[in-house]
Amino acid sequence: MAVIAFIGLGQMGSPMASNLLKQGHQLSVFDVNPDAVQRLVDKGAQPASSPAQATIGAEFVITMLPNGDLVRSVLFGEQGVCETLSREALVIDMSTIHPLQTDNLIADMQSKGFSMMDVPIGRTSDNAITGTLLLLAGGTAEQVERATPVLMAMGNELVNTGGPGMGIRVKLINNYMSIALNALSAEAAVLCEALGLSFDVALKVMSGTAAGKGHFTTTWPNKVMKGDLSPAFMIDLAHKDLGIALDVANQLHVPMPLGAASREVYNLARAAGRGREDWSAILEQVRISAGLTANVKK
């Protein structure tokens, strides 16, 4: 079993640390909230008065903190991790922070001769409690292999995301999709209600279409990602249908800001001459708008 310093015992960190204890790992814990520390001490952890004290003798140092500035302070600040960190130890940041902060932290740790990887998590606090988190491992092959037994005490699925800093990048994209879709789904649900439509009926229909399953796993793999823009559903028709939905919403005084923004993306594609292409060609149009090279020639 490993000797671990765990720093950051919030809503996610506390149950994650608890699961490490359940698997027999030796934990030293630190948090600015003494009550959070005491709850882990009651379960068998050793309390620490600072990140530096927690790190003494640790093989792994896990940080689970609210933002990148705090991670930097914990690592490099007064009584920080680096004051007592062994050159053989591995630092694992599991916080959700800005990817560029992650890159800088890893580079700064490497410049001091230390090893660090990022492993942000997916799923919810309930999964943190049950030890069924999704672990997005960003590190070298050696780091991922070494950390896996410790990480799997906190989760049941580990994805090697392809190198240092890649974990937080895929977490960022996943959260962006989830959060934006949550708002778009709310617009659709309220429009259902305003139209007098049973939400259960709408849910049954959408669960079998791209609306419920998502384009990453339905339309895109079969069309644009194969280099095929022949229309299964034309952008012109998608634009028309979206316009009808927005017109109905306007008449019912239902705000649809995300839907309106989406229509402008389809307008852009039509202006670029893509109206008769498959609606998955939106991906290509957004790539071009971002200054990237199109993958599929028109």
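Note that Cβ sites are derived from N, Cα and C of the backbone, with glycine treated the same way.
Site annotation (Swiss-Prot, ligand NAD(+)) includes Q11, M12, D31, T96, K240; from L65, L135, L203, L268, the additional listed residue is L65.
Cα of S178 (2,3-dihydroxypropane-1-sulfonate binding site) to Cα of D31 (NAD(+) binding site): a span of 29 Å. With respect to M12 (NAD(+) binding site), the closest of these recorded positions in Cα terms is K171, chosen from K171, N174, Y176.
Sequence-distant neighbours of R123 (2,3-dihydroxypropane-1-sulfonate binding site): residues of the same chain at least 6 apart with a C-beta under 8 Å from its C-beta are T132, L133, L134. Among the binding-site residues L65, T96, K240, the ones whose Cα sits within 10 Å of the Cα of K171 (active site) are T96, in sequence order. The local packing around L65 (NAD(+) binding site), expressed as other Cβ atoms within 10 Å of its Cβ over all shown chains, amounts to 21.
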